[in-house]
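Positions annotated as ATP binding site by TrEMBL: R114, K154, 159-165, 189-192, E197, H220, 274-275. The domain 'ATP-grasp' feature in TrEMBL is assigned to 118-304.
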Amino acid sequence: MSVDPFASRFPLPPNATIGILGGGQLGRMSALAAAELGYRCHIYAPGQDEPGMLVSAARTVAGYEDEAALAAFAAAVDAVTFEFENVPARTLEILAPLVPCRPGRKALAVCQDRLQEKAFFESAGVPVAPWAAVTSEAELREAVARIGLPAVLKTTRLGYDGRGQAVLRKEADIARAWETLSPRPLILEAFVPFTLELSAIAARGADGATAVYDAVENQHRHHILDLSFAPARVPEAVAESARAHAASVAAALELVGVLAVELFLLPDGRLLGNEIAPRPHNSGHWTQDACQSSQFHQHIRAVAGLPLGSPSRHSDAVMQNLVGPEGMARLPALYGAADTSVHLYGKAAAREGRKMGHANRLFPLATLERTAEAQLLSML
Ligand SMILES: Nc1ncnc2c1ncn2[C@@H]1O[C@H](COP(=O)(O)OP(=O)(O)O)[C@@H](O)[C@H]1O
Ligand SMILES: [Mg+2]
């Protein structure tokens, strides 16, 4: 095992500065948690007045491959973390010799690329749907012949909220999807006839200690997360297996920080891995109000080298995303709703499809499993 040249920096003392690459809401909520733990944050992102910058002590507005700006950033902070996984490899090459980066290159590299991600799930013992890398239309046709239809064709990099993918239902869809999606290679996945989508979030410290939250059930609308139900309304063995998958992936990635695994539940009760996000995740926002230590607190604790907090859930919760103008229009009702906390991200324009904030509605423990979904939804 190699010696960590930065080991003596940890645990970070109070008032130390954590650098966060990325300016979005995940960095903003991490910075708010860091502030509660007595740390300062310095946000590095290309845009002005991004959500994270508005609540942080310092900011750098520069490109992710700007060497001089990255060197100055590294000198100004005690440790660096990321609020998104698509950080260019070059950024890490520049930063890693100068400042501790948590999580490290391995976690980011695996999660940037769907092909590596799928192979990694398998190596960590998490089954996935049949898949194939495709670099030409001929290969795509061979992959379709092997995997069958329907299937999902995706870009391997930079996809989010359902962007960069197409469902192939019939032979005639193949050519069009191949022409539309870029950059290549692409990945073809068997279409999973899931009964529901789950996610589980694990935090892992540099000492290997792991804290895993209850698995949650996610519902999407127009490919964007709409609702998370915590805990997931699934048999205990399924929930336990989802948590175990998150813990094994975190261990196999040697993660320092938090990650989410997105999973599909099959009609026969098996779980298949879909994606890994090596950072706080939208489906973990419920932990802000329903757990002793939120995913953002855990992330900062791990990055700072503090012991992890307790992930235990003191309430059931439903998280609802506030997306675009429609989401913002719900604010007056949500401000007055019982047992509901509203979290806004400080974004200026409520464009269609843009995540503006979320609300967490708490319920007494064991309410979700006993209440019909329609009734729950009527309370939100
Ligand atoms: N192989 C698949 N089979 C069935 N549905 C899928 C498959 N892959 C993705 N989906 C659906 O599309 C959504 C988005 O896909 P995902 O791979 O998670 O990409 P991203 O979240 O980065 O946009 C998933 O949450 C799921 O609802
Ligand atoms: Mg996803």
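The backbone N, Cα and C atoms fix where each Cβ goes, and this holds for glycine too.
TrEMBL labels come from automatic prediction, so no person has curated them.
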Do you know which of the binding-site residues R114, E189, V192 end up with C-beta under 6 Å from ligand 1?
-> E189, V192
Could you say whether, by DSSP, N274 (ATP binding site) belongs to a helix, a strand or a coil region?
-> strand
For the binding-site residues R114, R163, which Cβ has the most other Cβ atoms within 10 Å, all shown protein chains included?
-> R114
When DSSP states are folded down to helix, strand and coil, where does R114 (ATP binding site) land?
-> helix
Conformational class of V192 (ATP binding site) under the three-state DSSP mapping | coil
Between the binding-site residues Y160, V192, N274, where is the Cβ count within 10 Å the lowest?
-> Y160
For E189 (ATP binding site), nearby residues of its own chain (Cβ under 8 Å, 6 or more apart in sequence) | K118, A129, P130, W131, I147, A151, V152, L153, K154
Kindly state the mean pLDDT of the domain 'ATP-grasp' (118-304) in the predicted structure.
-> 96
